[in-house]
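A short worksheet on the structure shown next.
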Amino acid sequence: MKLFFIKNQRSSLRIRVFNFSLKLLTCLLYIIRVMTDNPAQSAGASHSAAQQNAPSGNNKWFYVLFPVFAQVIVAIISFLETMLLMYLSYKGNIWEQIFQVSFLLEMINTVPFIITIFWPSIRNIFIPVFLNCWLAKCALENMINDVHRAIQRTNSAMFNQVLILICTLLCLVFTGTCGIQHLERAGKNLSLFTSFYFCIVTFSTVGFGDVTPRIWPSQLLVVIMICVALVVLPLQFEELIYLWMERQKSGGNYSRHRAQTEKHVVLCVSALKIDLLMDFLNEFYAHPRLQDYYVVILCPTEMDLQVRRVLQIPLWSQRVIYLQGSVLKDQDLLRAKMDDAEACFILSSRNEVDRMAADHQTILRAWAVKDFAPNCPLYVQILKPENKFHVKFADHVVCEEEFKYAMLALNCVCPATSTLVTLLVHTSRGREGQQSPEQWQRMYGCCSGNEVYHIKVCDSKFFGEYNGKSFTYASFHAHKKYGVCLIGIKREDNKSILLNPGPRHIMASTDTCYYINITKEENSAFIFNQEEKKGGPAGGLFDGPSQLPVHSIIASMGTVAMDLQNTTPPDASVGKLVPPTVNGAGSRRPSIAPVQELADSASILPCDLLSDQSEDDSVFTDEKGHSSTEYVKGYPPNSPYIGSSPTLCHLLAEKAPFCCLRLDQGCRHNSFEDAKAYGFKNKLIIVSAETAGNGLYNFIVPLRAYYRPRKELNPIVLLLDNPPDNHFLEAICCFPMVYYMAGSIDNLDSLLQCGIIYADNLVVVDKESTMSAEEDYMADAKTIVNVQTMFRLFPSLSIITELTHPSNMRFMQFRAKDCYSLALSKLEKKERDKGSNLAFMFRLPFAAGRVFSISMLDTLLYQSFVKDYMILIARLLLGLDTTPGSGYLCAMKVKEEDLWIGTYGRLFQKLCSSSAEIPIGIYRTESHIFCTSESQVSVSVDDCEDTKDKGDESRNNDPITDHPLLRKKSMQWARRLSKKSVRWQGASRDSSKENAQRIAQQRLNLYRRSEREELSELVRNRMRHLGLPTSGYDEQNDHQNTLSYVLINPSPDTRLELNDVVEVSVSPNTALTRCIIKKESFNPNIKIREGVCLPNPNWELVPQIRGLKAEGSASRSTFKYPRNHQ
């Protein structure tokens, strides 16, 4: 019986349900008896009198006898059940069970009914049967506990507490109603409903006063009930509020019903910051088809105040659910319904001091999710490249240090690559800055809306008509007609994406095209129906104001290849965009060769990757002839970590000894102790980092890739706070011109010894030890101040900086009281208020590609949920992956002799027809006069150059210009000019405005020059102290009066400007052609078709004539010529 009544879950649950029903029945019988009783009868009336006042006939038994007999029967059953349960639950202390409140109430409500059976004279005694409501409450609580125990439900505390509170309120009201109604029989004879009304008014503290108890027993009962309510209810509410707050912290559950009927993704993070949350939400919900998705955040820490405030916004409160829990617990994964999620994003905590430990946590989270929900797609962010192979099972993986160092490296050879990639992986509508009065901001903001999309050739109107034609032909004509830039292709039978495969690739209907455009083709506003009716080829028709002037895209289309009649070699400085001349005079505007539909296989020579046809020498000799080094092409023999993509690179024929890698110390192989002694031909690239991590390997590889010409390789100097270990040195000793040095950027001597005055680029990597700070945004303080110091000491140096927080980029190259920077700050705030995801894009350092934050690339992982190809395309652009047949990113500068091309559309045609290169954007630098305060005025570039020349002449002629007394006199003269300028403006404001501005600029030039003289004198003194020559230091050549920005896929009619840098995607099949056209200017009476040298039909193949050597058959000969021969 004990097993049946107590231990067995199912049987005990039935017993409790029966007990609960029994108690409710007693309360119901009491209500029926009260409602059928005569209120006018006094409390002391006899039972016979009650029978006389009762209805007569057949209804007498129902109205009078049935409630009484039913109450007696129910009382007997309840008494027997209570005694049986008491006996079965006996534990040795009988008095403890007797004095329980529930047992006492049970005896009060049952024993009197049993006594009346044997003692009829006390049948008129009042029995408070309504107190059974409290026993019903206890029975209900026990029943609910048994239900939860039976169904194994553990998270029911909130439900239990709410149920207890409701039952307590109902019991208090029911007890007060029945007690007052019975006691007031001696007073106003209140009905049951009136008593209920009085209790509700009293407990709600309203107290109308229309119903009041008249006798003292009922008044005493009211006092007792109020006191009980004041004690019991606050305790219940306190417990409920505590559970509610705990539930708010933990986030509750995501119901199974919602998971099966709605789509959701899970975001797993170690600590949720407001910037991370907003970046994810803005990028995730930027796609129209994701508007119905829900985001479930699973985080082990408590939600902070800022995140809580954001999640209360109606825009996010209905779509974002925060759960506090651990990914390593299956219970929390079940709460998040991970097995039903569409995707799981696992992000690393990059602000941790120990980034390796952060990666280990990420790896465990990925393993836990894969174990719990093996079919859930995983999107994992990892920090260290050596940990990437642990999560290779994930669907998409982004390694932070891989992308970071690759982008910083390409920034040195392809300006603003970081800005270009960041804009491509952000979702934007291209409307940023359209209300700005400045033209560059409108162009830059419009082009920032370009993204990468994909479509099959058979489903495309853009590329469908080019089925069976070459990739280069399709790319050019699609850009000409529709303004889209086709950058890549993927075969149906091949999973690899090819970036600009070149003219050898023939478009097939099953190919997938990857193109850059403002919007995808399905949402474009082109009109195709009119063109199909005409039966002609698709034209570039736009709706509304976005219509492109197609007539200006290609001004002149030639029908034949360029014919170069001049047999003398042009100047060596002439690049590959030099216009052809007509009869050597250039008397007419030259035409551009058309892009061929199909490549001439006979005219395209195979490109041997293991040889450099652009240079006959395999030995590199430095400028001073100190040493000669043999270079070879091959794969690096020692990879520093597992999972690195093999890349063909320029390597040393023999590994360099570790001692030779130290820049500032000589060894038995050489005695050089500074960068000047090496006599490098090209400018240095200096990388400042805290430690020699494996990520630095990804900085070196893109700069030593096989497609970089040997003569253009820049020496790389690693300025490390901590000396590298032998494992890292073993990985880099095979690369040419890679050195390291122990030092820091906050030490001027270290900067001078590593050759900063001979450097073209300085890359400052964010230090791991400073990524975490007590105040989050102070993590970049040291880096910003150090970079600002170098910006003042070496204004001609291009400094590329990595920051932890993107919002801190406004402090880069900071100028106090700069009105233009204040205007940009206001513009940024306006764009942020409009909901832009790229509000920081107008900051000049970011637009110029001189500052970068790895958190900007978080959107790359988020976009992969919609565009699963984005990570692979980004890796191809950055050179992290090298797929056979895929191209690479390169840059070319527009010189004065290249301006004959005119527009970007003609440049597109020129590159496609000559070397099969696909331009994807322009890096433009403009001179700009910044409007600043009186204490700081910037002048134009021309004025700076004039001042510089005059300053150089004065320093050469008069060595006393550095004297402090002369500088003091110049300051006094500047003040007099200031007073005179004010006086002149008061006399004649209109006529002397230009003169006043010119004098103000001269005055401020003196201020600035005096400051620069002090800084330059400091640098020269340190150089003399270190024994370094001071001839290479030039403090006047700066870029403070220019602004630079990136135009991604500009319109074809965009005019080319001097010093534009064109970002191009180079085809691997034309690597040989590119080297010949760019580096070798020898054109011996040849025609150029697709960039390949074809002999003139009138030539005779005569070997050994005029220094030319012919090898091979007469039908296919290879010509070699001496480097210095005409």
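Even glycines carry a Cβ here, placed using N, Cα and C.
What TrEMBL lists as compositional bias 'Basic and acidic residues' is 947-964. The domain 'RCK N-terminal' annotation in TrEMBL covers 262-398, 682-822. The region 'Disordered' annotation in TrEMBL covers 942-964. According to TrEMBL, the transmembrane segment annotation covers 60-86, 98-119, 162-183, 189-208, 220-245.
In the predicted structure, the domain 'RCK N-terminal' (262-398) carries a mean pLDDT of 90. The list of residues near the transmembrane segment (189-208) in space but at least 6 beyond its ends in sequence, with Cβ under 8 angstroms from a Cβ of it, reads 31, 34-35, 39-40, 172-173, 176-178, 180-181, 222, 225-226, 229. Away from its own ends, the transmembrane segment (162-183) comes close to residues 27, 30, 34, 126, 128, 130-131, 133-134, 137, 140-141, 144, 190-192, 194-196, 198-200, 202-203, 213, 215, 217-218, 221-222, 225, 228-229, 232-233, 236-237, 240 of its chain (Cβ-Cβ under 8 Å, at least six residues beyond either end). Per-class residue totals from DSSP over the domain 'RCK N-terminal' (262-398), listed helix then strand then coil: 59 helix, 27 strand, 51 coil.
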